[in-house]
Amino acid sequence: MKTIIALSYIFCQVFAQNLPGNDNSTATLCLGHHAVPNGTLVKTITNDQIEVTNATELVQSSSTGRICDNPHRILDGKNCTLIDALLGDPHCDGFQNEKWDLFVERSKAFSNCYPYDVPDYASLRSLVASSGTLEFFNEGFNWTGVTQNGGSYACKKGPDNSFFSRLNWLYKSESTYPVLNVTMPNNDNFDKLYIWGVHHPSTDKEQTNLYVQASGRVTVSTKRSQQTIIPNVGSRPWVRGLSSRISIYWTIVKPGDVLLINSNGNLIAPRGYFKIRTGKSSIMRSDAPIGTCSSECITPNGSIPNDKPFQNVNKITYGACPKYVKQNTLKLATGMRNVPEKQTRGIFGAIAGFIENGWEGMIDGWYGFRHQNSEGTGQAADLKSTQAAIDQINGKLNRVIEKTNEKFHQIEKEFSEVEGRIQDLEKYVEDTKIDLWSYNAELLVALENQHTIDLTDSEMNKLFEKTRRQLRENAEDMGNGCFKIYHKCDNACIGSIRNGTYDHDVYRDEALNNRFQIKGVELKSGYKDWILWISFAISCFLLCVVLLGFIMWACQKGNIRCNICI
């Protein structure tokens with residue numbers, strides 16, 4: 001029996017020596033790339049969904065919920081609209097001579113003075129907003145023969161009747177209202193904005209009581225323009241106890257030009273001018289609170305970071321902002337194609353290269369080597385190819401941001417009712433621009449993703465070809481990203497292959513000799529394990545048959561006695 005056990009042990013040892021990976025005269029070297037268990041899906045030109053190891057979101061889809069007061073100068077309109085602050089509504093006196101980068105109008109803002117309308121409200125609002133200041137300068141207009149500084153109970157300042165502080169309500173003096181003809185030259189080197197108005201009484205009696213004449217007229221002109229307004233006497237809806245109205249108009253006087261005002265009644269005269277400045281100031285309607293923080297980009301929803309090239313928070317923006325697109329998400333690949341590692345590598349734990357799958361757990365680089373030799377197994381990253389890929393991918397995000405960030409704000413656009421067709425056309429144009437930008441954004445990201453994946457695949461192939469050129473006939477390409485090395489290759493030898501100092505000639509004779517000693521037929525990697533198992537099973541079966549035959553022979557000779565008891 002001891003002899004049988006000894007023979008079985010010797011047989012198993014011989015069999016074990018023939019298993020893959022146990023031949024000290026060969027080694028296996030595989031090349032592979034980084035992989036993660038769960039990658040990120042991105043779009044490319046050729047594939048709607050391809051998994052990569054890492055990706056960056058390009059669409060900013062949320063705001064901070066507050067408007068940052070830095071670096072832009074924010075002026076909170078509170079209860080006042082910009083036009084009320086411009087006219088000098090008594091409850092907006094705190095805004096006189098204020099300056100801003102962005103004027104924030106609130107939904108709670110209201111007028112609390114004489115009822116008025118501005119026929120070209122949007123243009124005036126935009127002009128003043130872009131000027132960025134309510135800086136006002138009084139001028140000495142000569143209104144001889146009329147009473148100045150009219151007021152109304154609809155416009156209270158404390159307990160007293162008042163009026164817009166930037167306007168001068170003129171009405172009759174005693175029983176006369178002479179024809180007014182006043183000029184004011186612009187001798188400065190900047191544009192001046194004059195605000196004036198026309199009063200529309202609710203009844204003929206109110207008209208004559210204030211202006212004597214049954215019908216007034218106001219003409220304001222410069223060398224470049226002229227406006228003549230005839231008051232419309234008649235009742236209107238009651239506002240703050242009044243059914244009369246004031247229409248507000250405005251005139252810009254260029255340097256060297258002259259302002260001429262001619263009227264025989266109903267004139268709401270200017271007290272001076274606003275200095276017009278050119279700049280990038282703007283206005284925005286928002287109820288977001290103003291907070292102490294820093295952000296270059298502001299939307300009505302609040303400030304947003306501008307570290308991404310696109311946003312879908314709001315179409316209205318101020319500052320250096322990401323481009324508005326319709327998509328909720330656009331992901332830029334910043335890693336390579338992800339092929340998760342298979343958890344089992346055959347029944348003998350063989351290693352595999354990049355052709356079959358990626359490698360998880362590579363923390364030192366994107367590309368690397370795994371080896372199996374007489375000293376065991378090991379893994380190391382290839383820093384050169386990793387750095388080459390990273391250098392080309394780095395800066396992709398910044399380049400996309402540079403291509404897409406708005407350098408100027410997207411202002412709110414308003415049109416009066418009579419300009420409805422213009423508004424519809426403008427909306428169509430704006431929607432078309434957004435559709436176009438959304439398409440361009442998706443195409444741009446898909447192109448960049450395709451380039452990234454092709455680039456990282458190329459670096460893997462370059463590393464593989466570099467290794468092949470070093471090994472030459474000393475090794476065989478196994479077809480799965482691995483090389484079978486036909487000479488003894490310890491860890492120092494493997495290291496020389498990785499760092500490019502491998503000397504092919506040193507191992508050439510040994511490799512050729514080992515090639516000739518290999519069996520004539522070498523099975524492919526997919527079937528080898530199964531054949532070995534079958535061979536092992538047959539060998540064990542034959543061993544059992546031999547053992548059983550020996551026992552039966554011994555029983556016949558009388559050397560072994562077998563008793564069967566029932």
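Note that Cβ sites are derived from N, Cα and C of the backbone, with glycine treated the same way.
Listed in Swiss-Prot as the disulfide partner of Cys293, from the options Cys68, Cys80, Cys540, is Cys68. Checking Cys482, Cys493 against Swiss-Prot, the residue bonded to Cys489 by a disulphide is Cys493.
Cys113 is paired in Swiss-Prot with Cys155, the candidate among Cys80, Cys92, Cys155 named as its disulfide partner. The average per-residue pLDDT of the prediction over the topological domain 'Cytoplasmic' (552-566) is 64, rounded to a whole number. Per-site Cβ counts within 10 Å over the disulfide-bonded residues Cys80, Cys293, Cys489, Cys493 peak at Cys489. In this structure, Cys321 (disulfide bond) is part of a beta strand by DSSP. Proximity to Cys297 (disulfide bond), judged by a C-alpha distance within 10 Å, picks out Cys68 from the recorded positions Asn38, Cys68, Asn181.
Around Cys155 (disulfide bond), taking its Cβ as the centre, 22 other Cβ atoms fall within 10 Å, counting all chains. Non-local neighbourhood of Asn38 (N-linked glycosylation site): Pro340, each in the same chain, at least six residues away, with C-beta under 8 Å from its C-beta. In this view, Cys321 (disulfide bond) is surrounded by 29 other Cβ atoms within 10 Å of its Cβ, with every protein chain counted.
Within the same chain, the residues at least 6 positions away from Asn181 (N-linked glycosylation site) whose Cβ sits under 8 Å from its Cβ are Leu260, Ile261, Asn262, listed in sequence order.
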